[in-house]
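Taken straight from Swiss-Prot:
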- 506-524: compositional bias 'Polar residues' (COMPBIAS)
- 533-544: compositional bias 'Polar residues' (COMPBIAS)
- Ser259: phosphoserine (MOD_RES)
- Tyr431: phosphotyrosine (MOD_RES)
- Tyr499: phosphotyrosine (MOD_RES)
- Thr509: phosphothreonine (MOD_RES)
- Thr514: phosphothreonine (MOD_RES)
- Ser518: phosphoserine (MOD_RES)
- Ser522: phosphoserine (MOD_RES)
- Ser536: phosphoserine (MOD_RES)
- Ser539: phosphoserine (MOD_RES)
- Ser541: phosphoserine (MOD_RES)
- Thr543: phosphothreonine (MOD_RES)
- 506-570: region 'Disordered' (REGION)
Amino acid sequence: MSYQGKKNIPRITSDRLLIKGGRIVNDDQSFYADIYMEDGLIKQIGDNLIVPGGVKTIEANGKMVIPGGIDVHTHFQMPYKGMTTVDDFFQGTKAALAGGTTMIIDHVVPEPESSLTEAYEKWREWADGKSCCDYALHVDITHWNDSVKQEVQSLSKEKGVNSFMVYMAYKDLYQVSNTELYEIFTCLGELGAIAQVHAENGDIIAQEQARMLEMGITGPEGHVLSRPEELEAEAVFRAITVASQTNCPLYVTKVMSKSAADLISQARKKGNVVFGEPITASLGIDGTHYWSKNWAKAAAFVTSPPLSPDPTTPDYINSLLASGDLQLSGSAHCTFSTAQKAIGKDNFTAIPEGTNGVEERMSVIWDKAVATGKMDENQFVAVTSTNAAKIFNLYPRKGRIAVGSDSDLVIWDPDALKIVSAKNHQSVAEYNIFEGMELRGAPLVVICQGKIMLEDGNLHVTQGAGRFIPCSPFSDYVYKRIKARRKMADLHAVPRGMYDGPVFDLTTTPKGGTPAGSTRGSPTRPNPPVRNLHQSGFSLSGTQVDEGVRSASKRIVAPPGGRSNITSLS
């Protein structure tokens, strides 16, 4: 039965709001102007606005006013082996709002062999009842057959889903074959959807995991040792190749290594329609913590693909994000408690994977990229909000400050300093992988659906107030080039006359040989005759049938001086 939504879900009554004296920052321009909002929409932008009475005025005092962040990758309330991630849609979206994010896109992860549509309806019910901010959904394809293909078509055309993820890892669970990858990409390209991939070589990982365990390596360090970055890079290259062959846009989730990031950059320079999504963790921290003596701390960093042990990787990935080689950012927020992680205390392959990052995402990027001079304020808006809205066909409703856009806004203080700590973050998780980091840049005011959610350090959220935002297919930002290439790549057979020459008969059997059509041996030379040992004259009991018979094809050569009859060296 299709989930229709609870009748009593609270909805936000939008305030009439006026932001005065702010500097509006979009992805392509910055300018000073006032903003008037009503009914959850931006109604006016300019100076000396004429607004109705009873309007609440917020003084921006020259601070930046930016579009609310869009976190394109979360796992809230995700079931896993009888457990559930500790941050549900209420706690997760509350953390998002605290960090300046006003919309999330969560991943629906169906159990293998189960219905994608039923999983989608389950996620909708959970999110509609608990989400504090707007949300959309990706659907992960955890197996593939004709029935799943029909569900994908229905979800795309009728349910507001325009992105589907496939796994190239997790052998014998979610992993798809190369043939299935080709079929899925072909299907998604025809639907105008976006093909997302979790890029790792699952076959080799399975072998490496077994090797590590045989060596007695059972702790979290085994996770990164069994998943070297070459396995991420190989899968990224393979996915790019298949996407190119099927003319399907590709979206690589969780870009964690230099090698993977470089491949995406190179492919884009060659004209491939591919997008790369680094996450809060890969932008803000490295994988040296896997070798911590504190097992719980090391386990908190376990995620796949793993964080790179190379401490220069975060700076490198931030540089590619700033240059446009990578296009947007997610958090991959997927939090388990220490007790839940501890089911893998004796076997690293059993540690539930996932890290926090939804609350820290925007501050990490500001601190690592903008404050260091790699990225300007407009690029910051692009990689935290606008590019996501464009890719998933939400623009300009989301991701832009313009008349008619949703009133999802953030007053951002570039000079604010915040020390990250699990003691005061909004996540339920006991551990924060960014613990102790001092980050520059933070939200002062967060407005979602025209309602103030964060002000003066205090959150004012309403459980269940978030709306599902459907994502329609064929995003112009993604598909304009794809459509043009389809027209150019219209294939035709070469017109030629019928061949009327001789045709080799594959059923003919040459004398003394195997049939000409046999697949054994060389296709151009007949196989030599094989001796039938059952008809051999060889005997184990004495004289052979052919003994003493000189072969016509052999010469017998005696040494100089004749034959020797030496039987002893003494």
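Cβ coordinates come from backbone N, Cα and C, glycine included.
Of the listed modified residues Tyr431, Tyr499, the Cβ environment within 10 Å is emptiest of other Cβ atoms at Tyr499. Sequence-distant neighbours of Ser259 (phosphoserine) (same chain, 6+ residues apart, CB-CB distance under 8 A): Glu229, Glu230, Glu232, Ala233, Val236.
In the three-state DSSP scheme, Ser259 (phosphoserine) falls into the helix class.
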